[in-house]
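Asks: Quick paste from TrEMBL:
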SIGNAL    1-25  signal peptide
TRANSMEM  49-69  transmembrane segment
TRANSMEM  81-102  transmembrane segment
TRANSMEM  122-142  transmembrane segment
TRANSMEM  177-199  transmembrane segment
TRANSMEM  239-259  transmembrane segment
TRANSMEM  271-291  transmembrane segment
TRANSMEM  311-328  transmembrane segment
């Protein structure tokens, strides 16, 4: 299963590489003119190089931190501190979906650059986000169901030991599905925002985005790293998932730099494609954050057994989501 999913990640990268040139082929720009005092291609390029390096480093630190600190007793998955940190990271992911990705999609698909019919006649952002959440739920549910049937082996009334093994296997598979689907959603968003940063020559915008993205990638990586840790992948599989997460935004920035002369973020085709990608990513991230991360933890035995730990975890969620909400003002 893991090999199958990694093949799909590779295919996704290839499709993005094919799709982006199609977006950039439309060079008309019906948006407002940028502030000429901030637009400087020669000064923007060094900032983009700094962005690639700094975002790559913070992404690596974020996603690997939960994996390498497993040997520290206080940060092991069965300890309270791990649950609180994971709740904070889940709040980051939830805030990303609601406060960054979803509003961006609404802005793009309601732009005056698009035709009145159908883009101003139907709420495509909400519709695509809803479908994305439903598809994510279907993948989660069906994968777990198929695994359970396969390993039940036709046993109608399994013994206690067999029942425990089946439950543990199904739980482990669900953790793996959560980690993989979450990574795919993050990849979509990271590629899109990376392209936007790389294609921009506005030094005022780039400076703010670099700081915001470093913070974002660090804690989003911690959330993903926690999911990877719970999925109990082998070392090579962990390394591959961490690698894909770490390089997606820098990869998007590199594509944006290559297309900076032709890409126009306010061209109709770019608005439609990027807007729909953001909507699908928002639906996925919001579902994953609420259902597979927060609800699963808060309704689990550990948090249900301690109201004090629940309160601490809720505070961590609000802190993470609140931080991303504040960042939306500058990013």
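We count from 1, first residue shown onward.
Note that Cβ sites are derived from N, Cα and C of the backbone, with glycine treated the same way.
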Asks: Given a Cβ distance threshold of under 8 angstroms, which distant residues of the chain, six or more beyond its ends, lie next to the transmembrane segment (122-142)?
Replies: 102, 105-106, 109-110, 174, 177-178, 181, 185, 275-276, 278-284, 286-288, 291-292
Asks: Mind checking which residues reach the transmembrane segment (81-102)? Cβ under 8 Å, same chain, six or more beyond either end.
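Replies: For the transmembrane segment (81-102), the nonlocal Cβ contacts are 66, 74-75, 125, 129, 182, 189, 216, 219-220, 222-224, 226, 278-279, 281-286, 288-290, 293-294, 297, 302-303, 309, 312-314, 316-325, 327-328, 331.
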Asks: What else in the chain is close to the transmembrane segment (239-259), if you only count residues 6 or more beyond its ends and a Cβ gap under 8 Å?
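Replies: Distant contacts of the transmembrane segment (239-259): 6, 9, 13, 16-17, 20-21, 24, 45, 48, 51-52, 55-56, 59-60, 63-64, 67, 179-180, 183, 186-187, 190-200, 213, 217, 221, 224-225, 228, 233.
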Asks: Report yes or no: does the transmembrane segment (271-291) come within contact of the transmembrane segment (311-328), defined as 3 or more CB pairs under 8 Å with a sequence separation of 6 or more?
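Replies: With fewer than 3 qualifying Cβ pairs, these stretches do not touch.
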